[in-house]
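Student: Right, I'll just put the structure down here and ask away after.
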Amino acid sequence: MNLLIKSAFIIDTKSDFHNSTQDILIEKGKISKIGTPLENPNNYKELVLDNLHVSQGWFDSSVCFGEPGFEDRETIANGLKTAAKSGFTSVAMQANTHPVIDSNSDIFFVNSKAQNNAVTLLPIGALTKNSESVDLAELYDMKTAGAVAFSDYKTPISNPNLLKIALQYASNFDGLVCSFPQEKRIAGLGVMNENVMSTSLGLKGNPNLAEALQIARDLYILEYTNGKLHIPTISTAESVELIREAKKKKLDVTCSVAIHNLLFSDEVLSDFDTVYKVNPPLRTQKDIEALIEGVKDGTIDMVTSDHNPVTIEDKKVEFEQAAYGTIGLESAFGALQTLFSTKKTIGLLTKGKSRFGLENSSLNIGELANLTLFNPDTKYTFSEEHIVSKSKNSLFLNTDLKGSVYGIIANKKLSL
Amino acid sequence: MSELSVNHLLGIKYLNKQDVQLIFETADHFKEVINRPIKKVPSLRDITIANLFFENSTRTKLSFELAEKRLSADVINFSAAQSSVKKGETLIDTVNNILSMKVDMVVMRHPNPGASVFLSKHIKANIINAGDGAHEHPTQALLDSYSIREKLGEVAGKNVVIVGDILHSRVALSNIYALKLQGANVKVCGPKTLIPKYIEKLGVTVETDLRKALQWCDVANMLRVQNERMDISYFPSTREYTQQFGVNKELLDSLDKEITIMHPGPINRGVEITSDVADSKQAIILDQVQNGVAVRMAVIYLLASKLKQ
């Protein structure tokens, strides 16, 4: 792929051209020249876009694409298209499929579906067989096939000894274990945050305690095993504090937060709107403030859209019957920019790469082009027309966002 | 002419003080009607009402049906056991099928909190919530307040304690909203395991000592323990529950004053109240049932008059 990008403002702290407007020449998928202005002697396609900004490609550590088994929700092909349109050059896909991705051949299947795409799909293998949280899946075998981490998605590891063994076992081959932070017996039948809102709606609450308790337990086990742990989608102030302390002790732990948990509190549930039914639940303003503080001081390593397409049949029902989850890829950048500066937002969208085994390429001459193209200044109300996903269950609908994505250049492909 | 501020009765929290006042004044009229030799008025001859009960009910269902018939409405009844819900039909489809038979109003009981709120957004009919999970049971709270008003003259300034399983009770929640709206003081009393952790943010206080609570109150509303909604055991035994939260005649007689005892039914005699308390002069349990018909007539009548516009 050969291309000349005209007048792009580069945001990449690792680039020699950070914070400057440049032309970028890409030849055979590699950045061959950066300068201003650049000639185009070979008559390559020129890319001229309004207020064009460029950064290294973005990464999301948790997306669900439904395939195999739930193609009515989403397919890998359309999921990757959504990712590209949303600025992501790589996404880690959860194993909550049917069948669950818990073997070497399942990883091969997913990889084969994602071949020759601009977006790199990084499969997460199930931690336990069929994600039943009983016996370990063949982690090493999946790792050799390309699994970047091991997770049972939203199924918590109830048995502490299972987590101990998983962390010890995976440390043999530098495997990353993910533990969904929820003590399910404390969470009980809770379908939203436990607070005055759950009380006034008569819905069972899932207290902060359920998350903090599980994280505290996991951190003790991590300290004992010296393993490598990722805690996805934390949602409470207590969790931020626990992980902050663990990092002071130099434990090998990272965590993420779902973007919607940074923006919405449980007050939006007053009308029983199932679009806001997510797991972990939307918490309180106090939690949001602590999470944002955690993002700012680096306690929280990365943000995720926690993209989870759900069909209308599973959402347009009574609240207790409705499925959990929201899509989030399409709104990720625009939503983050309502909270953080563009530079900080880019940092958050690229920071998780190394934890999931991706090289942190930079925007420099000689590097393979792995770029996101965007305009950080557009303002718009997020609506269905912005959704690329097959399912439309976005809790960002009707929210004012800032910044839109043109597309990506990655894997020697331009996707606009 | 006064009218309600809402098109549906989904919960007390969606009403204002004037709505409650209007319902009570209308109920006063209907209470007089149902004590006449001819207990019926022709007000709703052109209205069809569907009673949709997706959860078991005896008194609420009968009370609504009677209220509807005394207003001369056409009534159809439906319960989940006989329905196609079990065949996998969605709630919206089930109700829309019924509505396409030209039904004007829906009275719905449903096990899921918010079911009637959900339905109100997706169908075209006035909805009366006859109980949705642990969310609200607005007509029960209205008839409870109406009964307090009848017995004690007014609700404002009265001390009311709600005793029992607050966590699983739509009656408790609707009563809290209704009583607070009318200016009563509200306490809840029960084992801590059955009291929502954040209940005080609704403007009520928590008392775990039943004697203290009874000594404080003018009215005690005794709730049933909702075993059917419990996923785990919230107290060791019924015996131990009764020891702490059951009202017996001895306890009642030992108080400095004569308090009023209410119960939304069905009573578990010997658990939350003993028979001699339930049958005592202090109990207004059967008055509540009678008032239920008048209050429901008022609610149906007032919502139907909005329909006619």
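Cβ atoms here come from the backbone N, Cα and C positions, even for glycine.
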Student: If TrEMBL gives B:Arg59, B:Thr60, B:His137, B:Gln140, B:Gly265, B:Pro266 as binding carbamoyl phosphate, which of B:Arg36, B:Arg109, B:Arg239 does it give for that site as well?
Tutor: B:Arg109
Student: Report the residues of the chain - excluding B:Arg59, B:Thr60, B:Arg109, B:His137, B:Gln140, B:Gly265, B:Pro266 - with C-beta within 8 Å of the mean position of the site's C-beta atoms, for the recorded carbamoyl phosphate site, in sequence order.
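Tutor: Along the chain, the qualifying residues are B:Ser57, B:Thr58, B:Ser63, B:Ala130, B:Gly131, B:Val171, B:Pro264.
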Student: Looking only at DSSP and grouping its letters into three states, which state does B:Arg109 (carbamoyl phosphate binding site) belong to?
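Tutor: Where B:Arg109 (carbamoyl phosphate binding site) sits, the three-state DSSP reduction gives strand.
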Student: With DSSP as the reference, give the number of residues of the domain 'Aspartate/ornithine carbamoyltransferase carbamoyl-P binding' (B:8-150) in helix, strand and coil.
Tutor: 68 helix, 26 strand, 49 coil
Student: Roughly how many Å separate the Cα of B:Arg109 (carbamoyl phosphate binding site) from that of B:Arg224 (L-aspartate binding site), to the nearest whole number?
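Tutor: Roughly 18 Å, rounded to the nearest whole number.
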Student: Carbamoyl phosphate site residues B:Arg59, B:Thr60, B:Arg109, B:His137, B:Gln140, B:Gly265, B:Pro266: biggest Cα-Cα distance, Å?
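Tutor: That value is 16 Å for the farthest Cα pair.
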Student: Would you kindly determine which binding-site residues in the set B:Arg224, B:Gly265, B:Pro266 have their Cβ under 8 angstroms from any Cβ of chain A, listing them in sequence order or replying 'none'?
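Tutor: It is none; no candidate comes close enough.
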Student: Looking at the binding-site residues B:Thr60, B:Gln140, which one has the fewest other Cβ atoms within 10 Å of its own Cβ?
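Tutor: The binding-site residues B:Thr60, B:Gln140 were compared, and B:Thr60 has the fewest Cβ atoms within 10 Å.
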